[in-house]
Amino acid sequence: MKEISCKLLVIGAGPGGYVCAIRAGQLGIDTVIVEAGKPGGTCLNVGCIPSKALIHAAEEFEKIAHLAGGKDPLGIKVAAPTLELAKTVAWKDSIVSRLNSGVAGLLKKAKVKTVQGWATFRDGKTVEVETETGTQVIRAETVVIATGSAPVELPFLPFGGPVISSTEALALGEVPKKLAVVGGGYIGLELGMAFAKMGAKVTVVEALPRVLSQYDAELTRPVLKRLGELGVEVMTGAKAKGLSTQGQAGKGDALLVETSDGKSAKVAADKILVTVGRKPLTEGWGLEQIDLDKAGKFIRIDDQCRTSMRGIYAIGDVTGEPMLAHRAMAQGEMVAEIVAGHKRSWDKRAIPAICFTDPELVTAGLSPDEAKALAGEIKIGQFPFAANGRAMTKQGEDGFVRVVARADNHLVLGIQAVGQGVSELSAAFGLALEMGARLEDIAGTIHAHPTQGEGFQEAVLKALGHALHV
Amino acid sequence: MGEHVIKLPDVGEGVAEAELVEWHVKVGDLVREDMVLAAVMTDKATVEIPSPVDGEILWLGAEIGDTVAIGSPIVRLKVAGEGNVKAGGGDAPKAEAPAKSAEPKAEAQPSTPKPAPKPANPPARVSPAVAPQAARPAPVSGAPRAEGEKPLASPAVRLRAKEAGIDLRQVPGSGPAGRISHEDIDAFVARGPQLTRATGLARKDGVEDIKVVGLRRKIAEKMSLAKSRIPHITYVEEIDVTSLEELRATLNKDKRGDRPKLTLLPFLMRAMVKAIAEQPNLNALFDDEAGIIHQHEGIHIGIAAQTPNGLVVPVVKHAEARDLWDSAVEVNRLADAAKAGTASREELSGSTITITSLGAMGGVATTPVINYPEVAIVGVNKIMVRPVWDGTQFIPRKMMNLSSSFDHRVIDGWDAAVFVQRIKALLETPALIFVD
C-alpha cells in the first residue's frame with residue numbers, strides 16, 4: 001500500500017484526537033487521523049454520551065413509576081410503566097451513530113484524512129496501520145498520541161460472563177434483576193443508580209470508607225440519601241473477592257465480598273459491573289518503539305503536551321488525570337495551534353467535573369480543603385436549593401451551591417454544587433473561575449429568576465455575609 | 001518685476017546630471033548676486049551654485065537627493081526688471097509654490113544641520129510611538145502577587161500575552177484581586193518589561209529617518225558595488241617598523257625647513273612603488289563587465305581620508321615619479337584639500353591602487369574594501385610596541401600590521417602574499433627602499 005506522508009498524524013479519534021485534527025485542518029495543516037473503532041472514542045461510543053442516554057431513560061422511567069405509585073403530590077395518575085431495555089439501547093445507539101457520522105463529517109469538512117485501523121509506531125516519525133486492506137505506512141512530521149483509556153480489570157474478576165465493564169453495561173438486552181457494582185466511583189454510581197431506577201436490585205461494593213470519595217462528604221450527602229430512596233445497598237469498606245461460581249456463567253451468580261468487619265458475604269447478582277477506574281492505553285501501539293518518558297502509568301507531558309520525544313505530543317486520558325473529555329478537547333485544540341506555529345501553553349484555571357448521579361454533582365476549581373491549603377484564609381458561602389423557588393417547583397430541593405473564595409481579596413477559587421440538573425451550571429462556574437471573578441463580580445451579576453442559577457449568586461452573597469433568601 | 005529661472009549649470013567633466021545635496025535657501029528668501037543657492041555633487045566633487053542675480057526665491061525645483069539633469073531649471077527668482085522668463089511662459093509649476101512656501105520643519109530634525117525646504121512628498125517619518133516621558137504610565141499599584149502564585153487574567157488576556165511573548169507573572173494587575181486587564185498589558189508594553197522603578201531609565205521607541213544623500217549615498221553605492229562584485233581576499237601580516245621609525249625620526253629631526261614632516265605614508269608609498277614594479281598586475285583596474293584588466297604603468301595611489309562629510313579618496317598621481325619628500329608634500333596637500341572640501345574632481349579620481357589608514361584608530365587588523373574597480377588596497381594598522389622573541393629573549397619592538405585586500409578574481413592568494421611580504425621586507429629594512 002502506498003505510503004502516506006503528512007504534517008500531522010493524530011492517533012485516536014476520541015474527543016482529544018478528533019478536536020485536534022479538526023482544528024489542525026482549520027489551520028491548514030495537512031492532517032491524518034487514525035482510529036481503529038468508530039470516531040468519537042470512549043466518550044461518544046461507550047462513555048459520556050451513551051451513559052447519559054441510558055440515565056435519561058432511567059430517570060423518565062423512574063419518574064413515571066413514582067407517579068404510578070400514587071404518592072406523588074403532583075396529582076398525576078398513570079399506570080405502572082414497563083421498560084423494554086433493548087429498545088432503549090437501540091435509541092441510545094441511534095444517538096451514538098448520529099454523532100459518529102457527525103464527527104466523521106466534521107473531520108471531512110476540515111479536510112482531515114481518516115484512516116481506519118490500528119496504529120503501531122515503527123519509529124518516532126513512522127506509524128503502521130493495520131487496515132482491512134493491508135498495512136498502511138504513514139510518515140508524519142508531528143504525531144499526536146490520543147489513545148485514551150480503558151476500564152481497569154480486576155484480576156480476580158476478569159471481564160466476561162456475568163462480569164461486565166461499563167461498556168457492556170450500556171448495551172444490555174434486559175435490566176438485570178440483581179446488579180452488583182464493584183467500585184463506588186462516579187461511573188459505578190451513575191450506572192448503578194440508573195439500573196436501580198430501571199428496577200434492578202443494586203448493591204454497591206466500595207473498598208474505601210465512602211463512595212464518591214473524591215468529593216467531600218457534605219457534597220455527596222444528597223446522593224447518598226437518594227441511593228437509599230432508590231433501594232441501593234451501599235457496602236463501604238468492603239472488598240470484592242471474586243465470583244462464587246468461579247467464572248461459570250449462569251443464573252444464581254454471586255459476588256464474594258469481605259465486609260468492613262472482616263466477614264465473608266455473598267452478594268447475589270445476575271451481573272457484576274466492575275467500575276474501579278480507568279487506565280491509560282499505553283500498550284499495544286508501540287510505545288516501546290519510541291520509549292517515551294512516563295509519569296506513573298501515564299505518558300509524561302509538559303505544559304504544551306510535548307512528550308519526551310521531539311515532534312510527538314500526547315493528549316487526553318493517556319496523559320493523566322482528570323480523565324475527562326473536555327480536558328482532552330482543550331489539549332487537542334491547543335496542540336493543533338502549537339503545531340500551526342501559534343504560541344500556546346496550558347494555562348487553564350479550572351477543569352470542571354460533573355457526576356451525573358441523582359442528584360448531579362458539579363465541581364470546578366478548588367474544594368474548601370484544597371483552597372485552605374493553598375490560599376490560607378478562605379470564605380465559604382453555601383446556599384441550599386430548599387430555599388430556591390425554581391428547585392421547589394421542580395421537586396428538586398435537595399442540594400446546594402457552594403462557593404469558596406480567598407478571604408483577603410475575595411477571588412473565587414472553587415465552586416461546587418449538588419442538585420437536580422446542576423450540570424448545566426458548570427458553564428457559569430467555569431467562566432467565573434477563568435475570568436478571575438471575585439465574589440463581588442458574581443454578586444453584581446443579575447441572575448435570572450426563577451432559576452437554580454440564582455443559587456450561585458445567593459451562595460456568593462452568603463460568603464459576603466448578606467445572603468437575601470436564607 | 002519679472003522672473004528669473006536658474007538652470008543647473010554644466011559643472012564640467014562632461015557630466016550630464018548631478019545630485020542636489022544641499023539647499024542654502026528656501027522659498028521666500030531674498031538673495032543677492034553670488035550668494036550660494038545650492039550644492040550639487042558629481043561623482044566626488046561638490047559644486048556650489050551661486051545666484052547670478054538679486055531676487056526673491058519663488059520656487060525650488062528639486063529635493064535633496066534628487067538627481068538633476070544639466071540645464072534643468074532648479075530655482076525661480078522674482079527679480080526687478082524683466083527677468084529671463086516671459087510672463088506666463090515659465091516651465092516651472094507655479095501652483096506648487098504656495099504649497100512649498102517655507103513651512104518650517106526645524107522642530108524634529110536635529111540631524112539636518114541647515115533648514116531645508118519641505119519637499120512636496122516628505123519622506124515618511126515615523127513619529128515616536130511613545131510620546132514624551134510625561135505620558136509614561138505610572139507604575140500600577142496592583143496587589144503584589146506572592147511568590148509562585150498564578151497571575152490572574154481572563155483567557156483573552158492570557159492569549160494576548162502568550163502571543164505577544166509576555167510573561168504574565170511579570171505584569172502587575174490593576175484589577176480587583178490583582179487581575180490583569182488588557183490595559184495592564186498595554187501599560188506593561190509601553191513601560192517596557194525591564195523597567196525597574198528605581199533606575200529612572202526609560203525605553204525609547206522613536207525612529208528617526210535620515211535620507212541617505214550626497215557623498216554618503218555615493219559611498220554607500222560604491223561600497224555595495226565593491227562588496228557585491230569583488231570576492232575579497234584579505235591578508236594580514238605584521239611588520240617590524242622599529243628601524244623605519246628610527247629612520248623617520250632622524251629624517252624629521254634634520255629636515256630642511258621647507259620640507260614637510262614625514263609620516264609613515266610616504267615610505268609605504270615608495271615601498272609599494274617598488275613592489276608594484278615586480279608585480280605590475282596589482283596596479284590595475286578590472287573592468288569586469290568587459291572582462292579586461294587595465295594594467296597601468298603610472299601608479300596613482302588613492303589615500304582614503306576621513307573628512308567631516310565622510311570618506312573621500314584623494315589621489316597622489318604618478319607616485320612612481322615622486323621621491324619620498326615629494327610624496328609627502330603631495331599627500332599633505334591633498335589631505336588638506338580633502339578636509340577643506342576644496343579638492344577638485346581630478347584630485348579625487350583616477351587612482352589605480354589605494355592605501356587606507358585609520359591612523360591612531362588603526363586597530364589590530366581591518367578588512368579593507370577595495371576601491372572598485374581597483375584590484376588591491378593596502379590597510380595600515382596602528383603601530384604598537386610589542387614583545388618580539390629574538391631567539392634568546394623578548395625585546396620590545398615597534399610592530400605594525402598591514403591588512404590588505406585583493407580582488408581574488410584576478411589576484412591569487414599567492415600573489416597577494418608575495419606582494420605583502422615584499423612590502424614587509426622593504427619596510428623592515430628601509431634602506432632597501434632607496435636602492436635599486
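In case you wondered, yes, glycine gets a Cβ from its N, Cα and C as well.
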Margin query: Using only what TrEMBL says about NAD(+) binding by A:G183, A:G184, A:G185, A:Y186, A:I187, A:G188, A:L189, A:E190, A:G277, identify which of A:E168, A:E206, A:E288 is listed for that site too.
Written below: A:E206
Notebook entry, point to check: Looking only at A:C20, A:C48, which is named in TrEMBL as the disulfide mate of A:C43?
Noted result: A:C48
Check: What three-state secondary structure does DSSP assign to A:E206 (NAD(+) binding site)?
Finding: coil
Note to self: Let me check the 10 A CB neighbour count of A:C43 (disulfide bond). How many other CB atoms are there?
What the structure shows: 24
Next item on the list: For A:G148 (FAD binding site), just give me the three-state DSSP call.
Entry: coil
Next item on the list: For A:H326 (FAD binding site), just count the other CB atoms lying within 10 A of its CB, please.
Entry: 19
Item checked: When distances run from the Cα of A:I187 (NAD(+) binding site) to each of the recorded positions A:C48, A:L324, A:H326, the nearest one -> A:C48
Notebook entry, point to check: On the Cα atoms of A:G183, A:G184, A:G185, A:Y186, A:I187, A:G188, A:L189, A:E190, A:E206, A:G277, which are listed as binding NAD(+), what is the maximum pairwise distance in Å?
Noted result: 14
Next item on the list: Round to the nearest Å and give the CA-to-CA distance linking A:L189 (NAD(+) binding site) with A:K52 (FAD binding site).
Entry: 13
Item checked: Shell list (NAD(+); ref centroid = CB of A:G183, A:G184, A:G185, A:Y186, A:I187, A:G188, A:L189, A:E190, A:E206, A:G277; cutoff 8 A) -> A:V181, A:G192, A:V204, A:V211, A:L212, A:T275, A:V276
Margin query: Using a 10 Å radius around each Cβ and all protein chains in view, which of these recorded positions has the most neighbours: A:C48, A:L189?
Written below: A:L189
Check: Name the residues of the same chain, 6+ apart in sequence, whose Cβ is under 8 Å from the Cβ of A:K52 (FAD binding site)?
Finding: A:F356
Notebook entry, point to check: Same-chain residues six or more away whose CB lies under 8 A from the CB of A:H449 (active site, proton acceptor)?
Noted result: A:G389
